[in-house]
Amino acid sequence: MIWNLNPKARAFRFFGHKDVITGVQFSPAGDLVVSASQDKTVRLWTPSIKGESMVFKAHTATVRSVSFSHDGQRLVTASDDKSVKVWSVHRQRFVYSLNQHTNWVRCARFSPDGRLIASCGDDRTVRLWDTSTKQCINCFTDYGGSATFVDFNTSGTCIASSGADNTLKIWDIRTNKLLQHYQVHSAGINCFSFHPSGNYLISGSSDSTVKILDLLEGRLIYTLHGHKGPVLTVAFSRGGDFFASGGCDAQVLMWKTNFDSFDYREVLSRHSQRVTPDPPPHLTDIYPRGPHLHSAQSGAIEISPMVADTQTTAPAVIEVGHALYTATTVRPLLPTSTTSLTANQHSQMSVSSGYN
């Protein structure tokens with residue numbers, strides 16, 4: 001479903017998939033939408049004309065994730081058939097396959113410059129691939145369970161990965177060193193999203209919470225309560241002013257942020273009971289200090305939509321009606337419109353767009 005955020009409304013639906021839709025994403029230009037499904041296919045849609053989709057018979061098993069390259073020219077898919085595949089968007093055809101995973105592949109993402117692909121899966125590994133040689137150039141194996149999600153930071157110098165073992169790890173891919181190790185959830189982490197600045201990260205978990213991490217200071221700063229079941233997807237808006245979370249409770253919660261504002265820093269100083277003497281280092285400069293395990297006992301602020309909180313705007317709630325599997329960052333279909341995209345357990349998608 002694609003929703004207009006102001007007002008919250010749905011315009012029309014896409015039909016085509018014959019099974020559960022597992023992933024959706026806008027193209028960087030916002031003119032295309034791609035979807036993946038348990039029906040083993042990937043479909044490419046043009047929302048502006050509401051036309052039929054182009055179908056890629058992508059894999060021999062469930063397609064777990066699909067993502068555009070940052071130039072919008074390619075797609076990367078991950079599947080239960082243990083493969084990662086790359087596709088040409090404009091030629092609408094298969095390009096090549098990456099095949100060293102030994103179990104289901106949960107997620108695959110391009111680096112910002114398109115030179116690398118990161119993938120992760122139920123073989124408890126995160127793999128880094130060179131798109132020019134089609135070879136696996138590194139494999140991270142330090143996981144106590146399935147590796148559930150992986151993505152590059154905005155500069156492309158680091159990858160973050162989450163696991164069913166409740167952990168989230170950030171690696172410097174230039175040195176292959178672990179930078180940060182967070183264990184702040186009480187159940188498996190299903191998803192996360194980097195803030196566009198690269199300074200913050202939100203994570204969603206089967207413990208029904210969303211957590212906000214300050215990557216510069218290496219600590220948990222907010223725990224958000226609002227979902228009544230596992231959180232399956234989170235995504236920042238393009239500008240980082242909002243983020244959405246969705247899950248098994250059939251709700252999408254929209255949260256407004258004030259990161260890097262004076263008020264936000266004041267909130268931190270009021271609640272953290274400490275003052276940072278110097279500006280924290282940039283994430284990519286943390287490596288010499290070595291990785292540290294960060295636990296939930298960090299004085300983070302607990303926020304619930306049911307409890308009055310003077311520092312945080314209560315989230316807007318969009319009732320979807322079915323468990324939400326994936327979301328994408330908000331990208332405008334038109335220069336002055338605002339939209340968001342969701343998929344659910346039915347084999348359909350819905351689209352809405354409107355002017356602010």
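From the backbone N, Cα and C atoms, a Cβ is placed for every residue, glycine too.
What TrEMBL says about this protein:
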type   : residues : note
REPEAT : 14-45    : repeat 'WD'
REPEAT : 56-97    : repeat 'WD'
REPEAT : 98-139   : repeat 'WD'
REPEAT : 140-181  : repeat 'WD'
REPEAT : 182-223  : repeat 'WD'
REPEAT : 224-256  : repeat 'WD'
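Under 8 Å from some Cβ of the repeat 'WD' (56-97) lie the Cβ atoms of residues 22-29, 32, 34-38, 40-44, 103-110, 112-114, 117, 119, 121, 129, 131, 134, 326, all in the same chain and six or more residues away from its ends. Per-class residue totals from DSSP over the repeat 'WD' (98-139), listed helix then strand then coil: 0 helix, 23 strand, 19 coil.
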